[in-house]
Amino acid sequence: MVLHVYNTLTKSKEEFIPLEPGKVKFYVCGVTVYDLSHIGHARSAIVFDVIYRYLRFLGFEVTYVRNFTDVDDKIIRRANDAGTDCRSIAQRYIAAFYEDMDALGVLRPDLEPLATENVPGMIEIIRVLMDKGIAYQAGADVFFEIEKFPGYGKLSGRQIEDMLAGARVEVDARKRNPLDFVLWKGSKPGEPSWDSPWGPGRPGWHIECSAMGSRFLGKTFDIHGGGKDLIFPHHENEIAQSEAAFGMPFVRYWLHNGFVNINNEKMSKSLGNFLTIRDVLQKVHPETVRFFVLSKHYRSPVDFSDETIGEAEKGLERLYGTLGAVKERAAAGVEEAFQEKALRGQDPELFDQIAALSGAFREAMDNDFNTAQALGNLFSLQRHLQRFLDKFGRKQLKGPASALARAGADAIRDHALVLGLLTREPEAFQAEQRSLKIKSTGLTEAEVERCIELRRQARQDKNFAEADRLREEIEKKGIQLEDSPAGTRWRVG
């Protein structure tokens, strides 16, 4: 099997061949740290986290770089409004970003450079562009002259003439072309600045990623990722300035994730549907958010709504439910090595599903990281495994039946972990779910446990009318009770 990825640059799916065999150099544009991160940031972070995990699963040695933009107009405005400095604002929101990412199970990249710590490299690239006559100084600012770069527009598929005709760029008489973009901004009162050959100032946004990508990964590297909103102008401008300066291709494969809509509308503060990651995690389990993101192909748009999150929640609960049932009813005792014939004899179809999962999972993920299809493969095995368990009613499984069930559960979990899913024990996930969802009932966990204990006592006393009354009373408040040989469990909804 061979990994294929969709390359935005060529508009086609291509075999992935890294520059150096066995090694992958991978850069993703990080957040601008002036506010809390939103659900769109969560999608991008989760998508590229899974790509990072899968590349390592395939055996690649991956160097993953994701930057922080910690100097920007928005950060400056936020600092001025708060009566503090840009560094304090950036540090506050970097810390908040890490908290959100840790909750979502997003691995830390290998390197996370700050833009402010890489300004000398940005100045050097601008100096090269000036020396080549591709950049020009206008007042205290320095601009990139797009007409000096013949390939401008090749990533986004736009023609300069068409862009000019439909341009909604602010008119700046200093520019030679309205689409020329800033490389260096002359200093203004109250703004951070660095010394440069063109006077004190700060870098433009686009030059930051070119400098950090080339510093840590080389002048040409394998993968550059980000949201589709970054294709133009940010990534287009990165290509132009990098290739003009270095004289070689900047990136081999450009990967872009799709947008997140809220109830089928574009997310925006003006529409009042802007959701921070923290807003969402007040009500939704972080692993459910992750499952939701991965249930669609990364290039497709996704719609975030109560309905779609509810579907993700049910799907994740099904997987955990089956794993929990195996753990409860097929617990490993004295390990025995069963022959294939004995295991297959328990359920040939389940045995074959377990054996086929690895290949099916690889086939899905090798097809441009198709996590939706990969999850479908996990659910196919989960359904067969649950049917197998159901054949035994509530009995404990023994011998080869127990071994087969555990093999199925292990296969599901091992492959889910590549996606960063099923990272908890089933009972821990269920407890976390209850803690989140009980808020909507007005009850506390202690009150539910007290009701269960009173009902248990009533049943023990053979006062079944009282036991039924207690059950009906708590179910009216949205709590479902499930009796089992191990005791009574409860869930919300």
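In case you wondered, yes, glycine gets a Cβ from its N, Cα and C as well.
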Per Swiss-Prot, the range holding motif ''KMSKS' region', considering 66-70, 191-195, 266-270, 456-460: 266-270
Motif ''HIGH' region' per Swiss-Prot - which of 9-19, 31-41, 273-283, 361-371: 31-41
Close approaches to the motif ''HIGH' region' (31-41) from elsewhere in its chain (Cβ under 8 angstroms; 6 or more beyond its ends): 68-70, 72, 74-75, 77-78, 89-90, 92-94, 96-97, 100, 227, 259-260, 262, 267, 274-278, 280, 289, 304
Pairwise Cα distance for Glu238 (Zn(2+) binding site)/Lys269 (ATP binding site) [Å, integer]: 28
Intrachain neighbours beyond the motif ''KMSKS' region' (266-270), with Cβ under 8 angstroms and 6 or more residues off its ends: 38-40, 259-260, 304
Sparsest-packed of the listed binding-site residues (Cys29, Cys209) - C-beta count within 10 angstroms: Cys29
Distance [Cα-Cα, Å, rounded] between Cys29 (Zn(2+) binding site) and Lys269 (ATP binding site): 22
